[in-house]
Amino acid sequence: MKVLGIFHKPSLKSVAEKFSEILFDENFHVEYVGSEIPSIEVDLTLVLGGDGTFLKAAHKVRNPLVGFKGGRLGFLSSYTLGDFDKFLEDLKNENFERDIRYFLKAGDFYTLNEVLLIRDPVQKMVDIQIFFQDGDFYFHADGLIISTPTGSTGYSLSLGGPIMLPNVNSFVITPVAPQFLASRSIIVPDDEEIIVRIDQEINLILDGMDFGKVREVNLKKSRRRIVILRPKDYNFSKSIKEKLGYGKRFL
């Protein structure tokens, strides 16, 4: 890989420029450095920022991505900003594993983390019905979130949803503030086509982006995917222990 791009959140401009200088000195060509992604083909995009910045990049590029944590948690990042020397060695030696993540298609749109269907603050609770191959489920709630394994450590987790390993071929469906205590998350295989119908229009939010109001949405796994480059010593279990304290031995 010789041609690189660097996409960064605005506050990390000086760090991105420093990375670019180092890469140039190491005979790598950096095609662009910026907080916007131009229509230029590169071999690898470096993403400096948090998971939100990484998601923006994932929606705009088709080449492999490698993230540098410049936010709070950075589940999608492979390195910290202080790990650049290690990244440079891995880049020279092509010492990477490919971590493939698939998008979820919601109607005509795509999402990497989750689909959030949520009422307005002054709107009454909604009736939601979910249809899939084996039947249907009903919820009376403020909304619904359908998460990919990638998104399972995000908003879905804060609603009580499970953590899914990245290679699990499933989605998790979790109601938002349901009326009934028994309304819990359900995991469905990702080869299912899911239809969600609501009794009134509510907001459709994909990866934090507002796509207007809907009363029905069809969901299915997309063939569209991204490739995240990870160092060969990357370990997802270690990552969630460090970032969330999950499964960590305290005594």
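Cβ atoms are placed via backbone N, Cα and C, with glycine included.
When Cβ atoms from all protein chains are considered, those within 10 Å of Asp51 (active site, proton acceptor) total 26, not counting its own. Annotation comment: Swiss-Prot describes Asp51 as active site, proton acceptor, evidence class sequence analysis.
Annotation comment: Swiss-Prot describes 51-52, Lys56, 113-114, Lys124, His140, Asp142, 153-158, Ala177 as NAD(+) binding site, evidence class sequence analysis. Look at His140 (NAD(+) binding site): DSSP puts it in a strand. Neighbour list (His140 (NAD(+) binding site), Cβ cut-off 8 Å, at least 6 residues apart, same chain): Met125, Val126, Asp127, Ile128, Pro178, Gln179, Phe180, Ser183.
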* Within 10 Å of each Cβ, count the other Cβ atoms and name the one among the binding-site residues Leu157, Ala177 with the highest count. => Leu157
* Asked: Cα-Cα separation of Ala177 (NAD(+) binding site) and Asp51 (active site, proton acceptor), in Å?
  -> 25
* Round to a whole number and give the Cα-to-Cα distance in Å for the pair Thr153 (NAD(+) binding site) and Asp51 (active site, proton acceptor). => 11
* Once the DSSP letters are reduced so that anything not helix or strand counts as coil, what is Glu114 (NAD(+) binding site)? -> strand
* Have a look around Lys56 (NAD(+) binding site) and count the other CB atoms within 10 A of its CB, chains all included. => 20
